[in-house]
Amino acid sequence: MSESTLRIVWIYPDLLSTYGDRGNMLILARRAAMRGIPVEAYEIRSDQPMPSSADIYLIGGGEDGPQALAAQRLITDGGLHRAVNQGAAVLAICAGYQLFGHSFFAKGAKCSGLGLLDLHSDRGETRAVGELRGDIDPRLGLPPLTGFENHGGRTHLGPGVSALARVTAGIGNDNQTEGAWHGKILGTYSHGPALARNPAIADLLLRWAIGADSLSPVDDTWADRLRGERLAAAST
Amino acid sequence: MPLRAKVATSVSKTAAALSRAAGRGDGSVIGGWIGLKIDPDLLAHLANGRAVALVSGTNGKTTTTRLAAAALEVMGQVATNSFGANMPTGHTSALARAGSTPFAVLEVDEHYLARVIDATNPRVVALLNLSRDQLDRAKEVAMMAQLWRDALAGHPDVRVVANADDPMVVWAAQGTTHVTWFSAGQRWHDDSFVCPQSGHPIERAGGDWWCAGCPLRRPAPQWRVEDEGVLDPRGDWHLVKLQLPGQVNLGNAATALAVAAEFGVRPIEALPRLATVASVAGRYAQVDRDGRNVRLLLAKNPASWLEAFDMAEQAPTLLSVNARDPDGLDTSWLYDVDFAPLRDRPVLITGDRAYDLAVRLEVNAVPFRHVMSFDEAIQAVPAGRLEVIANYTAFQDIRAELDRVL
Ligand SMILES: [Zn+2]
């Protein structure tokens, strides 16, 4: 691995990969390659040690059992904590987002999370399923969030994190806010291949990882059409 | 048959006929539903006296049911739910409509297998595969395997024909007394990384697989696909000539032969029957239009998209994706499918969710052209074969469009 290569790790696809989560890794790798940035992508299974030297970490959604198991293994392993302390960028989705907080509920039991985001999650009265839309924190300078959510959790933010977005359609964390960010960690309930509909978030992660203020533009004609369609669909 | 069941049967037939006359599909669901309202045991009464085979699994069950029914016709008349109405209402309606037959082959939705085993007391149950299907509604794969395992545990006399290549199926069938294993190859592994017995990783090499942490491993299959044919339990190889395309249907044929063998039908008798099946509920149907030969392939979930790519010829290909209720509202699964096999042919896209597909194909480096309608697709390709691969409601839309024209 040379220093000029962007290293992307997909955390535990054997446990947390329910809804096309692979898409986020493919999209990041492609958008980096289009800018001439060499990429190495690693899928780290739950029986392997978690490297701490990668630039971007991705963690996806999953069922309760695998979620609890993944949290335990990541706490025991410690590699992800070291990576975050060294400034790695993270995109955490659904179950993966919840386990970045202090605690979450899986199979009716309260489980310890990684404590890397100041938040905790519990169960909502209803399952949140459908189109999700929100206005992203203006400090991030990104266009509106669009996604599909499918989760039973509700997430409560502490003072140590900011909401990723203010909800304009769907549920997100609690009907008001959606997702969280702190440092270079982003969490969201926009599940599965969230970056397909939000290429600007993909570019934000790339900019964080390589320490660049901007990236050369790429042709996002189809992604823009998809965004337009889904943002409109969320209002109906 | 008790009087009450007889009344229910006749009402069920009438309702189905009325529903058909009113132009509401083939009437199998509504007919069966009314029949079951009158007599909840109607399915059991209708199945009584027939030798029944049930076929279940995430993919291939409609085709395998059709092939197994064709094979069993060697022995006599066969009742079957050939329109894919695969829940108890559909079974009730199919049996009522068929009148008395010595045999029945029924496709069963995997969620309903336990109920239908209880009701029909089958001689044979064929278990094809388990993979993710419409995730925002269905139960997870391991839970389904557990349901099957429990269902079979209560019926030790049932003969099971099961897929040796799918760890989930093997685990579900393992506890039963009479199992015949078949091997048809499995392209999709993403739902069986983890052992359902012990939670350890499943290791794979060549066609073999085994659990890294417990004794669960691939059993030796008695029926195997080999080259363009099927190897039977005696070691005799039979050339299989089908009108249905692809390696997947060769596997479905092997399964059908194994099912038929449980009723005493020999492969040599069954094979000419299998060769007569040209399309299954519109799938694989070929339609000529404006000099184009259009072939329809249904792909409902990631595993069946991979199978469709295998079946399709290297010809212009139209992909159509919707996300209406029957399809599941979520298109995330597009990223569970590798579309790379399509890089060597012209690709057109359409459907309600064509933009999702467009972004996916870009990420996959598959060039494509977006068309607004099926008709535009026809005009966009040269004379010759056009392969159409569509998910559930997109498939129905295209079938309806072809029917209108013809
Ligand atoms: Zn095991």
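Cβ atoms are placed via backbone N, Cα and C, with glycine included.
Here is what TrEMBL records for this protein:
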- A:7-198: domain 'CobB/CobQ-like glutamine amidotransferase' (DOMAIN)
- A:C94: active site, nucleophile (ACT_SITE)
- A:R127: substrate binding site (BINDING)
- A:H191: active site (ACT_SITE)
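Mapped onto this structure are the features recorded in TrEMBL.
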{"residue": "A:C94", "record": "active site, nucleophile", "Cβ within 10 Å": "27"}
{"residue": "A:R127", "record": "substrate binding site", "Cβ within 10 Å": "14"}
{"residue": "A:H191", "record": "active site", "Cβ within 10 Å": "27"}
Within reach of chain B, those recorded positions of A:C94, A:R127, A:H191, CB-CB under 8 Å: A:H191
Alpha-carbon spacing, A:C94 (active site, nucleophile) to the residue listed as 'active site', which is rounded to whole Å: 6
Local confidence of the domain 'CobB/CobQ-like glutamine amidotransferase' (A:7-198) - pLDDT mean: 96
Cα-Cα distance linking A:R127 (substrate binding site) and the residue listed as 'active site', given in Å to the nearest integer: 14
